[in-house]
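So that you can see what the record holds, here are the features copied from TrEMBL:
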TRANSMEM  7-29  transmembrane segment
DOMAIN    9-134  domain 'EamA'
TRANSMEM  35-53  transmembrane segment
TRANSMEM  65-85  transmembrane segment
TRANSMEM  91-111  transmembrane segment
TRANSMEM  118-137  transmembrane segment
TRANSMEM  143-163  transmembrane segment
DOMAIN    145-228  domain 'EamA'
TRANSMEM  170-194  transmembrane segment
TRANSMEM  206-225  transmembrane segment
Amino acid sequence: MSLRTPDLLFTAIAPAIWGSTYIVTTQYLPNFSPMTVAMLRALPAGLLLVMIVRQIPTGIWWMRIFILGALNISLFWSLLFISVYRLPGGVAATVGAVQPLMVVFISAALLGSPIRLMAVLGAICGTAGVALLVLTPNAALDPVGVAAGLAGAVSMAFGTVLTRKWQPPVPLLTFTAWQLAAGGLLLVPVALVFDPPIPMPTGTNVLGLAWLGLIGAGLTYFLWFRGIS
């Protein structure tokens, strides 16, 4: 086993857990709104991690963190949850699975990285594999949901490439905390303006939000940024 294999395996855990987003959102948070779920997923986890790491950005990293927080958290999650609430889980997962392919081409444009045939084929095979696993013959296509899913994948792809370009000067847990907190803060006014009031949470809602925030956000983003670094 090569030295890189454990890193690849740990990184692969993140998308695997992200796949649970669709079922958790629709089954545990059916009465919530997309922006609200995105905000409640990011902000509590981000603030908790910031209190743990006890470090804040300095200098140019204030701007960079809010840019990355917007791309990787605010925009991505808002659009993701719009697609989740409007599309069957299989369709939403398949649309989101195109993100690795977008990373290949955006990396070439922004970083000058070569476009490797194996990377392109791997990304295409990954998307096709997700489609084969989760799509059903009667899956409905909502245009707004599909557009939101694709736009979210583009946002996350740009955020991933910029993360590789800028290389954070702090431990990855701190970097994850900053992005979650920044992304969550950006979502607060959006959720207040565009979403209806938050419904009284039930125990099921709390469990869903805890999974999405602590496991589906805090843990997975730490593993993801560890891998792409």
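Cβ atoms here come from the backbone N, Cα and C positions, even for glycine.
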Exercise for the section: Grab the same-chain neighbours of the transmembrane segment (170-194) for me: Cβ-Cβ under 8 Å, and only residues 6 or more beyond its ends, written as numbers and ranges. Expected result: 33, 35-36, 38-39, 41-47, 49-50, 52-53, 55-57, 61, 65-66, 68-70, 72-74, 77-78, 217-218, 221-222, 225-226, 229
Fill in the blank from the handout: Reduced to three DSSP states, the domain 'EamA' (145-228) has 71 helix, 0 strand, 13 coil
Problem - Cβ contacts under 8 Å made by the transmembrane segment (7-29) with residues that lie 6+ beyond its boundaries - result: 37, 80-81, 84-85, 89, 92-93, 96, 204-205, 207-209, 211-212, 215-216, 219-221, 223-224, 226-228
Fill in the blank from the handout: Other same-chain positions with a Cβ less than 8 Å from the transmembrane segment (206-225) and lying at least 6 residues past its termini are 10-11, 13-14, 17-18, 20-21, 24-25, 27-29, 37, 40-42, 44-45, 48-49, 72, 163, 168, 172-173, 175-176, 179-180
